[in-house]
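Student: When I checked TrEMBL for this same protein, it listed these features:
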- 6-47: repeat 'WD' (REPEAT)
- 48-89: repeat 'WD' (REPEAT)
- 184-225: repeat 'WD' (REPEAT)
- 281-311: repeat 'WD' (REPEAT)
């Protein structure tokens, strides 16, 4: 399994995301550049230029017409995917931590950080109504006073969002009324990443408490737990197999004290049903900050603290692999 190395960032990667077809891979990092690559050969298609701070999150809508990015420069921006033109700019009072299109691509949501005296908000804009963005008036804004949101995704059919908090809590907020539909606390520490399954029935969380957990999207029922010895920064579900990939490592501040040989920075594969680890992939020279499966399940990518993104195409053995419980 020889990876394709993508070198397009000067700072550590914050998020990587495939579009729905999987022909494009979007990467953002703690530099202001938003890159888009061809996932088949790692060729860079282009950049989206305009941010002036670290970019925390990126998302593309279902037909890859628009790209959404949220940044520490206190803005959330909407781009034309094909031309790279900035279509809209929403100014916020604090950094935008997480953003996403609903499944129809008409409604965007993003959450802002709790910092500089501002509290954490989730804002919803309907792109079909241009006045909302022009006047910076979202049709709904939900305050989160207790613990800031560190990761959020849309639930199935765009009815609610699932938000993970710094405290380890998970909530569902209705996208229509803004009320909190349910709230659970299965993690003991911050939730770093949430990703849904291909059919949107389940989602997996990655947490600082050294575990990744699988939940039901609608009921928030806790289904499985995947345990490691170090913080999990990102977790993704395979669209074709019962496999989970976890990326993690230590806190960035402890990185220089360990050798890469110990294998702290590997991507780890677990079986979804048996919760057993069955493989590891080396490569990064630092913690893995974001992992993503290609929508066809034949490859996966990881972005690390070292600023590199690696696209790994699985060997034929991976597809013949039978898990012996």
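Positions of Cβ are set from backbone N, Cα and C atoms, glycine also.
All TrEMBL annotations are machine predictions without curation.
Burial and contacts for the listed features, if you can.
Tutor: Counting residues 6+ beyond its ends, the repeat 'WD' (6-47) has Cβ neighbours under 8 Å at 53-60, 62-64, 67, 69, 71, 73, 79, 81, 84, 252, 286, 289-296, 299, 301-311 in the same chain.
Same-chain neighbours of the repeat 'WD' (48-89): 11, 14-15, 17, 19-21, 24, 26-34, 36, 95-101, 103-105, 108, 110, 127, 133, counting only residues six or more beyond its ends whose CB sits under 8 Å from a CB of the stretch.
Across the repeat 'WD' (184-225), DSSP assigns 0 helix, 24 strand, 18 coil.
In terms of DSSP helix, strand and coil, the repeat 'WD' (281-311) has 0 helix, 16 strand, 15 coil.
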Student: What is the number of residues in the repeat 'WD' (48-89) that are helix, strand and coil, as DSSP sees it?
Tutor: 0 helix, 23 strand, 19 coil
Student: Any residues 6+ beyond the ends of the repeat 'WD' (184-225) with a Cβ under 8 Å from its own?
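Tutor: Same-chain residues near the repeat 'WD' (184-225) but 6 or more away: 103, 150-157, 162, 164-170, 172, 231-237, 239, 244, 246-248, 270, 272-273, 275, 290, 292, 295.
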